[in-house]
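**Student:** Look at TrEMBL and you will find 1-22, 27-46, 54-84 tagged as region 'Disordered'. Among the features that TrEMBL reports, compositional bias 'Basic and acidic residues' is placed at 33-46, 72-84. Residues or ranges marked as domain 'Nascent polypeptide-associated complex subunit alpha-like UBA' in TrEMBL: 92-132.
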């Protein structure tokens, strides 16, 4: 604030003819140093172009409902297919000895051993090969 008062006092005295006013380029009337050339203006301008490019679009409720129904239908089909697969696997008969063999050899849980056996239709060799690869 002191610089501001000094500048206004000098301006007043210059208008009255008492002082010869010679303001340098490095300070203006606000007391701030003169602006230096900016090196990074082009990058800021590029950033503005990128952010200004995106336009906000209004999504209609019918489009949104259509998209949601498509997603819901896909999920229900996937869930139904998964349930059918589980039913098919549950129908496969497996031997208790085969489950215990896979559990001991591969050091896996009973569930994982049964699942592998059921996926390979009770074939112990195929189940073991699939678990090792």
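Along the chain as shown, the residues are counted starting at 1.
Placed from the backbone N, Cα and C atoms, the Cβ positions cover glycine too.
TrEMBL does not curate its annotations; it predicts them automatically.
Relative to the rest of the structure, where do these features sit?
**Tutor:** Mapped onto DSSP helix, strand and coil, the compositional bias 'Basic and acidic residues' (72-84) counts 13 helix, 0 strand, 0 coil.
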**Student:** For the domain 'Nascent polypeptide-associated complex subunit alpha-like UBA' (92-132), DSSP counts of helix, strand and coil?
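**Tutor:** Within the domain 'Nascent polypeptide-associated complex subunit alpha-like UBA' (92-132) the tally stands at 30 helix, 0 strand, 11 coil.
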